[in-house]
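Asks: I'd like to ask some things about the structure below.
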Amino acid sequence: MGKRKAGFRKKHYFNHQHRQQGTVQPKLDERKPYNDIVRENEKFVEYYKIQNVCKPEEFDEFIKSLKTDLPATFRITGSKGVAKKMLRQVEDELIKECVQQNKSENPPNMFPLLWYPDKLAWQLELTRKDIRSNESYSKLHNYLISETEHGTISRQETVSMIPPLVLDIQPHHKILDMCAAPGSKTAQLLEMLHKGNDSIPSGYIIANDVDNKRCYMLVHQAKRLNSPCVAIINHDSASLPNIFETLSDGSTQQVQFDRILCDVPCSGDGTLRKNPDIWMKWTPANSLNLHGIQYRILKRAVELLVVGGRVVYSTCSLNPIENEAVIHRILIEANGALELAEVSDLLPSLKYSPGMSKWQVSSRNLEFYNDFDEVDEKWRTTIRPQMFPPKPEDISKYNLHKCIRILPHQQNTGAFFVAVLQKVGPFTSIEKKNENMNADSAPLQLNKRDFDERLPQNQRKRRRKDVYREDPYVFFKDDEPIWEDIKKFYNISDQFNAKCLLTRCHEGKKKNIYLTSAGIRDLVLSNQDNIKFINTGVKVFVRCDNKNMKCPFRIANDGLESIYSYIGEQRKITIEKEDLITLLVNNDPQKSPAITSLSKSIQDQVENLSPGSCVLMYTEKSENDQDPPMQLYISGWRGTSSLRCYTMQHSTVHLLRLLGGDVSKYEKSKFKKNVENGDANESSCSKPS
Ligand SMILES: C[S@@+](CC[C@H](N)C(=O)[O-])C[C@H]1O[C@@H](n2cnc3c(N)ncnc32)[C@H](O)[C@@H]1O
């Protein structure tokens, strides 16, 4: 096979980028090698100049910035103590080393984003390609790749981190992510949901996407975060069915969400720096075509939101037709039930422009109109009256300036739009009825049967026919036979709700056992007929028919953080750093360290421990008293004469790094290998990483 030209990106790379972004994919014949794309589009420049997206004196800088590649950014995730330790390693070792090894006069700037809490998000003034192709960054590159695989680094674009932050998530919130795939924001929402002290928060996230294949990208994201509080569903969110929950008296009512994210499909011209092929196909028609679905998704979100709740609408588009016009339209429809919120205090020192209150609507041929009455007859199906800005006398009613527009030149990022809407009054007819009722009477609650009965006959039938099923979700019953053995072996506390455990098959040998939170369990059981659930539950036990263990299931690492506090002390081993490093370095089932080679403390603890699965617990005090200690819980195995960790390679490397162990055998210097092979450029450009 011939060598690929340096700088050429494979077809699947375009697909990959557009899948990640959810933007419209170019047709096959429009795809060009990455380096051949001319980053020019006269219509684009003219359009945005007329729209006044930035001050006239900044316009050249704005366009220039869109033509450059995007800097690399990442977030450190993970539980508090682990994240703090990783931050120290990133800041004090990796970044310092990169700067020291860089021989150029002006080493690149690498800094934490000031508006992101606890310095856990970083921007490197280097492109991803710079990082891959320069030896001085190879340690950082390896770190980013393996920690991303492990789930403790999220390589998320700077601006994409903003919507979850302004949602202001609390651990008890019921959250809906309407257009969630591939899931970088869902992951961030999940981290925020888990920021309290409970191992299983009472809130949850429903992550939805219309595209079935993209839902599986979401499954992959969610799996990295090991949460029992998320369910992935597959619907058109503009017509998302009502979701029901069970009340303590056994009746059902419609769920009203506390927080909803509408990160809607968009034309994506804010991602030009990452997806330069958009330069070739940009036209104002893209936005005109998307406005309708964007509005319908947002409207459905407002219907599903509780009064007092918050919805965040975001796009990676610069176009006011997809942004302020959608917000203006929903504010008119809400007639006072929604208000734009001021959120600058949640984003200290982020630079942005205020939302626009004036714009023009243009045809695909760049004929601009100020009013629908002026619109040429032939455009009246694509240009709609609701796309126009408020009349000058109404501008102050809507406060569109409270929307946030992030422009690429302001802090070297992609472009982005965010609006935070607070629901301050009733929006749907049911909510309005409730408000009008006597204050003493109970609010009108519509349960599932009411909804079914209100549907026309033909739709009731269709609902029953449209019962989509993946593998079933079979929750444990009170007398689940396999639970007895597990509970006894691990001495699991009575506080643990075993009814939240599930398997994915009705019959036969159960292979894996998953855990959901009580809230998610109720949602799955109450909505199996009307909602297409794609995935839920974190793996907590795995079948392991080992003759030495008196229980057919071992503990899985995935769900350990959720269940460790319920596991009895007998099967927990407190481990010191040196022993843990020894286990990790020799993490091979054939060569597990003999118990006699480990410290006396370990020998004493395992003396009376029967063979089988156990939990290894490691605690390390932080260097300063304010930070929480770093606590690690690892699935282990006490053999007849040996002890081992049950970790995948990426977890082994992650843990060794945290403990300061030797990871050199896992560090691959791609740069060195490429130089040896004489093809440094080709390899470094051929594949995104
Ligand atoms: C901008 S992307 C979302 C990115 C995602 N929030 C993230 O942070 O990774 C838009 C997503 O909306 C989905 N989508 C498009 N139309 C939709 C609809 N009517 N209902 C639900 N999802 C939709 C697309 O499949 C795409 O995954």
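Even glycines carry a Cβ here, placed using N, Cα and C.
Quick paste from TrEMBL:
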type	residues	note
ACT_SITE	C316	active site, nucleophile
BINDING	C179, A180, A181, P182, G183, S184, K185, D209, D236, D263	S-adenosyl-L-methionine binding site
COMPBIAS	1-19	compositional bias 'Basic residues'
DOMAIN	62-424	domain 'SAM-dependent MTase RsmB/NOP-type'
REGION	1-27	region 'Disordered'
REGION	436-464	region 'Disordered'
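For the listed features, I'd like the structural context: burial, neighbours, distances.
Replies: Annotation note: C316 (active site, nucleophile) sits in a coil segment as assigned by DSSP. Summarising the environment of C316 (active site, nucleophile), the number of other Cβ atoms within 10 Å of its Cβ, over all protein chains shown, is 27.
Following the DSSP three-state reduction, the secondary structure of G183 (S-adenosyl-L-methionine binding site) is coil.
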Asks: List the residues of the same chain that sit at least 6 positions away from D236 (S-adenosyl-L-methionine binding site) in sequence and have their Cβ under 8 Å from its Cβ, in sequence order, or write 'none'.
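Replies: Those within reach of D236 (S-adenosyl-L-methionine binding site), by Cβ under 8 Å and sequence separation of 6 or more, are V210.
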Asks: Over the residue list C179, A180, A181, P182, G183, S184, K185, D209, D236, D263, recorded for S-adenosyl-L-methionine, what is the maximum interresidue Cα distance in Å?
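Replies: Farthest Cα pair among residues binding S-adenosyl-L-methionine: 20 Å.
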Asks: If one measures from the C-alpha of K185 (S-adenosyl-L-methionine binding site) to the C-alpha of C316 (active site, nucleophile), what distance in angstrom results, rounded to a whole number?
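Replies: About 13 Å separates the two Cα atoms.
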Asks: Could you give the Cα-Cα distance between G183 (S-adenosyl-L-methionine binding site) and C316 (active site, nucleophile), in whole Å?
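Replies: Just about 15 Å between their Cα atoms.
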Asks: For the C-alpha pair, I'd like the distance in angstrom between A181 (S-adenosyl-L-methionine binding site) and C316 (active site, nucleophile), rounded off.
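Replies: Cα of A181 (S-adenosyl-L-methionine binding site) to Cα of C316 (active site, nucleophile) measures 14 Å after rounding.
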